[in-house]
């Protein structure tokens, strides 16, 4: 063989070797990432049951201090949370030392301060578990049990971007009224034998109060995020107009995602992938009301999209509002870790996992069976949507590797 031929042959072999090595390394990395996703999923399943008990071992810190230390730019709470039950137990049992009208918004809520200085948001029960909210997908009052279910779904999906929520029963006469501000106290009234209040908000009316069963009111409490993490509010790029006959641009422009990708903070960093994660989360719970969202201030798009205010969810189990998924099917990208987690939850695993996660909550059963069944059906719709994207563009374009290192030091 001539020298020139040998050189050409060696060059070809070198190219083949390089490509083979790169391919094998990529496959090994992907396989390692997938194995880690599987291990994370198994850890999540093993820790689903959260027994609400007061015991805090190996620490002199209060439950509020522990929860505050959990918060970092990309998580509200860590994957490994042995103290979660103790923190949630404190949320549902600690003495209420102050009660005030809720922060500004459209829906009735109360702001409570618990013993130790921890603020929580109380949302009262307005509907029975089997009540069907008719009309627009964002119709009706807030659902307190939806907040509880959404928090546990956040755990199951592995997002960890929703503040802690737990159910709580409060005695309005003995626990709230003695510590209520004049502003809140002025909204109390009696309807029949039941104590009621209507609070202060955009849609709060004296004619539409929330009423206890006698003096005992069922509700949910959401842990207030630490003040050292101030929030910044953003208009959701896929928000609705809420005006009859007027469509938002995303509702008629199929190339809308291309425009979003050119604007900050969606042109770089994790925010657009967070939007798509949130669309999946909202479609599962039936929340078509995320017109705004919050992140931490001055984050330049690096911190998470925080899953706040999930109470306009689980209204109608028969309604699958596909438009909620618009960020997914218009952008046709999804995190590999999210895609893996969704696939692990097929075949009834999602329903079973959520039912198990909520079983220890004080207001259990949190959801009716039709709502739990709807979750499994909606999951299939999400998987089918991603498949349509991969069929059109290929998995290398659609499935995006984005695993950010998280620190709790």
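Residue numbers in this text run from 1 along the chain shown.
Each Cβ is built from the backbone N, Cα and C atoms, and glycine gets one as well.
Note: TrEMBL annotation is automatic and uncurated.
Taken straight from TrEMBL:
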- 107, 123, 222, 223, 224, 225, 294, 309: ATP binding site (BINDING)
- 142, 309: Mn(2+) binding site (BINDING)
- 191-397: domain 'FAM20 C-terminal' (DOMAIN)
- 289: active site (ACT_SITE)
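What TrEMBL annotates, mapped onto the structure for a quick look.
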residue: 107; record: ATP binding site; contacts (Cβ under 8 Å, 6+ apart): 123, 141, 142, 201, 203, 311
residue: 222; record: ATP binding site; contacts (Cβ under 8 Å, 6+ apart): 120, 121, 123, 147, 163, 164, 165
residue: 223; record: ATP binding site; contacts (Cβ under 8 Å, 6+ apart): 67, 87, 91, 118, 120, 163, 164, 165
residue: 224; record: ATP binding site; contacts (Cβ under 8 Å, 6+ apart): 118, 119, 120, 121, 163
residue: 225; record: ATP binding site; contacts (Cβ under 8 Å, 6+ apart): 71, 76, 163, 231, 306
residue: 289; record: active site; contacts (Cβ under 8 Å, 6+ apart): 137, 138, 312
residue: 294; record: ATP binding site; contacts (Cβ under 8 Å, 6+ apart): 231, 232, 233, 234, 305, 306, 308
residue: 309; record: ATP binding site; contacts (Cβ under 8 Å, 6+ apart): 105
Site extent for ATP (largest Cα pair distance over 107, 123, 222, 223, 224, 225, 294, 309, Å): 20
Cβ atoms near residue 142 (Mn(2+) binding site) (within 10 Å, other residues, all chains): 26
Mean of the pLDDT scores, which run from 0 to 100, over the domain 'FAM20 C-terminal' (191-397): 96
